[in-house]
Amino acid sequence: MSPIALNLLQSTPYQVGGSLAANHPSYSQREADRELLAQLRAGKFCYVFNCRQMGKSSLRVRAMHQLQQDGVVCVSIDITSLGTEADPQKWYNGIITQLYLGLPLAGKVALKPWLREREQLSPIQKLREFVETIILQTIGDRQIVIFIDEIDKVLSLPFSLDDFFSYIRFCYNQRADDHEYNRLSFALFGVATPSDLIDNKTQTPFNIGQAIALTGFTLTEALPLSAGLPVDEVSAREILGEILAWTGGQPFLTQKVCELVAEALQKGDLDCQSQTIATTIAQLIEEKIIRHWESNDEPVHFRTIGDRLLKDQARSGQLLGLYQEILHKGAIPADDSVEQTVLRLTGLVVKVKGQLRPYNPIYQAIFNAQWVSKELNKLRPYGTNLQAWINSNYQDSSRLLRGEALREALAWASSKNLSGVDYRYLNASQNQEQEASLAANQILTQANVKAKRMISFGIVVLMMSLGGSAIALSQAYFATLKQQRSQQGTELQRLGTSAQRQFTFDQIPGLVTALEAGNQLHHLVKADETLSQYPATSPLVSLQQILSQIAEKNVLTGHRDGVTSVAISSHKNLIASASRDGTVHLWTPQGEFLREFTGHTGSIYRVDFSPNGKIFATAGQDQTVKIWDLDGNLLQTLKGHQDSVYSVSFSPDGEILASTSRDRTVRLWHWRSGKTLAVLGGHTKSVDDAQFSPDGQTLVSVCRDGQIRLWDLDGNLIRQFGLPEVAFFGVNWHPNGNLLAVAADDGTVRLWTPQGEIKATLSGHDEFVTRVVFTPDGKQLFSSSSNGSVIHWSTSGKMLKKYQGYPEAIFGLALASNGALLAIGAENNLVKVWDMSPKSDLVNLNLPAVLGAVAENAKTNTIALAMENEPLILFNTKNRSRQFLSDASQNLDRLKFSADGQWLLGQRGRQWQLWQLQTKSQLLKTWRTDISRVYDVDLRTTPTSPQWAIAMATGSGEVQLWQGTKNNQTSGNQSQGVPIELNDPIVLALGNSIQRKEPIRSVSLHPTLPQLAAGDEQGNLTLWNFDGTLIRSIVAHGDRLNQLQYSPNGKYLLSAGREGTAKIWSVEGQLLHTLKSDPLPIDQIAISPDSQWIATAASDGMVRLWDQQGNLRGEFTSTSGSLLGLDFNRQGQWLLAVAQNGDLQSWPVTPEKERLRQLVEQGCDWLRDYLATEKQPAQTYSLEFCQPTGN
């Protein structure tokens, strides 16, 4: 080794761990460096979220250094230094202190006196004032960037930081009102996801920020590291390439391996000859890193990854299962789901070209399949039995759990997210246990009836003979009944919970279980019992949830081998299924078997109806295409292919037939004469599908060689495009002919234009996609996969719903011409029929953007919907019409209807707008306030009164009460109420210069009295008169008071807190009832128009119905998670909820037993076709109560 090389190594040592200095010679610049600098220079809010030891801190140091050289003022806040035990006041003071120390403010302000003088302010107000009056005013006209490192540490704080992240969003929104804010930018760094950091999705800054992707080093980016290798430049580059092949460019590992290689080269322990470099580096990595990795893990790296993977016991099973699947398959499609995102944050896997793969071979070697199995078995209480069941190909029922072991396993699993095989095992165990449970319950019911007869008889006899002992005997009698009811309730509760889990993987059996439990519960309870008195509630909840989501309508049995294809005719919606057993079965849409068609030798791979639905064609393994009529007559056999025929398709006029084959050709036939019109060659592998365009002028073929070819009807190639690295299995034309949906073996569906441009890539399947089909209106599509999943997509590429649970590959997928019937054929010999008609209780509003604010009004059946960069929509829930308010500001933060629904108030920042909606929508007034933060608002006005009032709950701890009058101007026969006066607000507040004022979180105006109620951050409830006099202040909740609402009749006040309780108060402030729900915050409340019913919604989407006496009367689960809006309809008969994704869900407001009866009836009605269809024993259920005589 030359002295020059040695000196170079000594002057540029590698740094393993920690942040690199801005001018460190081994710093390798990546694309993230360039993007972060460009975005920050443009004044954007940026965030860099990635796993540990990926170079985030080094990136921050480098970016700060370069910006400072440009004259930008930079400051870095390290969240770790603030600790995790501080209260909000101390934490925010710590932020202000770090800003003071890090910025050139020394001598400009005395910080400690400044903080003391503002003790009465809330923490976020104090931070805002410091930024606005000290930082922006003191630091001239220079740009300021605030870097915040280790932001994930805030997750350990005992209080919410929604306000902090909302403030970042405020700073960017404030630019429209105050140009000084254009100089201020933020950059966040950490190991987290945006959804981890802020609960309030309407106030998140991350949807206006720029995510900076931080990837591993490429060879070009890593070249500065080669300077430290004591060899010539060519050898150094080659060695670096081998190192990156092992590390995947992971910065920490790359530095560590470079250091090991450099040391070995210095000592002469490494042969750098070109032909041996790969082998010697592999040996070095095996010896120094992989072997005995626990002792070699210095600085700690691998243990950090393992700890992050295993630390959350509720989620670790799911993460391990997902990682196990990636190890087994090599890669799976990336869908950016929560579990995939969390797994990526461990650092174990990386997203590459739409695929989730192991990050590098070193991780694969350390965290290998054996390590995963070992950790999974540590987690699972049933690991041994599960493995034995898997080894038996899922057949050994003796390995399934029973009794107490099953209950313990379900209890353990209830709080965890597990892998698919776990749920499959528990589901199979539950199915087996269910049969025994139902039989036992029937025996218990019969015994109960017998016991009642015997005890009643005994009471009569003994009362006659014992006299005074009758009371004791009566008590024993009722105690016996109570015990039996409790036992039945316990079992029914378990069955109801089991039904929901079972439904996830097998829809009809899940519904059957819920029906069995619901029917038994219906007979067990009395009409006058409230839900809180029920011995079990899960049957009712599970029935509601299942019936709002179920799609599976019927299961058609009879094939003796896997189903390869299904088709639905335009004539009577008849269903044809083709199978490897060499037959086609024909069914009615209700599931009645019509006939079997035989004639092929070997498997049948495809079936397709003619456009008029009167005939169909089949493609066979025997190299033939056959044409049949519906009566079973063979009309034609087409011969010419030299290998198996994989698909057949009729032209729109029904005269031409296209077939594809394993012989690498497509043939066009005049099927009536049997004549071959053209043979389309050029494919280099099997051709799996071909389809005519809607106008019949073009044929598209897709091939396993990754090519898509367009042909005219004369057989001439029009165009060819594709992706040579993938194989295509299916294709479908958009109804207007402007798009092609193509199913691929990489788990994606791609949407191409006929010109060869990819418009969207739909990722979500875990294995290759087999079929794809557009809905008739072209707005949506369905795809199926070899792993047994079906996904419902929007044409824009959004995944609407993923259906899982099929144990085998799905090769058949067909949609009826009305879009309401979906047929699915799978390798398990079954055809499943789904009803895709929209559920009456669940409507997707198909909104063009993310919802930001929602307001509902019962009187007018109207929902106001505000979105990002879209007009305000008024949606009528009765007739489902839409009205657009084009004069509304976009990106509204808040909306509020008046109680009569004739007025609508909107807010964005400091700007307010008021509309009158009586006849036609009219923007009446736009004004601005000096309020920087409003948490809640209420609006009161009536057609009979000229007075109106607006109350605003502010972050400064005040309520601002605005009042005005309407000037009734007559124009023709139409009276218009226009507010012409806006009085200065009355400011209502508790506290003084010594007592700190907490932010007001909620406010409500009494419907008739000049009175309002307000709730603050600490759970205090305060009542005021409109003249500003205080009525009463009460400690109402133990935490933030989230919601307040006076009843429409004005007789009571409803409050809801973050600690999960709601309370009913008199208008004088006396506590009447406490509604106990759960520990989760209550985000939404509603009161029916007649004030008889109350609804609350928790942050997890659980909606509860109460009466005004505080009795729990119903529980409903939102299928879309947390809600943005909740209200009753005008008649108070339905409860309506709006979710973030635009789903509108409704539930009936009826007494419990009647609702349960209706649900059982609805479930039986759903299964009518299924129960009437002859089934194999495994799919047979009696459900005698679903028969007409049992109702």
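Each residue, glycine too, has its Cβ placed from N, Cα and C.
What you see is a predicted model, and the numbers here were worked out from it, not measured in a lab.
Per Swiss-Prot, the features are:
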REPEAT    558-588  repeat 'WD 1'
REPEAT    599-629  repeat 'WD 2'
REPEAT    640-670  repeat 'WD 3'
REPEAT    682-712  repeat 'WD 4'
REPEAT    723-753  repeat 'WD 5'
REPEAT    764-794  repeat 'WD 6'
REPEAT    805-835  repeat 'WD 7'
REPEAT    995-1025  repeat 'WD 8'
REPEAT    1036-1066  repeat 'WD 9'
REPEAT    1077-1107  repeat 'WD 10'
REPEAT    1118-1148  repeat 'WD 11'
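When Cβ distances are compared across the two stretches, the repeat 'WD 7' (805-835) makes contact with the repeat 'WD 1' (558-588), since 3 or more pairs at least 6 residues apart fall below 8 angstroms. Most Cβ pairs within less than 8 Å of the repeat 'WD 8' (995-1025), among stretches 558-588, 640-670, 1036-1066, belong to 1036-1066. Residues 899, 936, 1001-1009, 1013-1021, 1072-1091, 1094, 1096, 1098, 1106, 1108, 1110 of the same chain, all 6+ positions outside the repeat 'WD 9' (1036-1066), place their C-beta atoms under 8 angstroms from a C-beta of that stretch. Confidence over the repeat 'WD 6' (764-794), given as mean pLDDT on the 0 to 100 scale, stands at 93.
DSSP states for the repeat 'WD 10' (1077-1107), grouped as helix (H, G, I), strand (E, B) and coil, give 0 helix, 18 strand, 13 coil.
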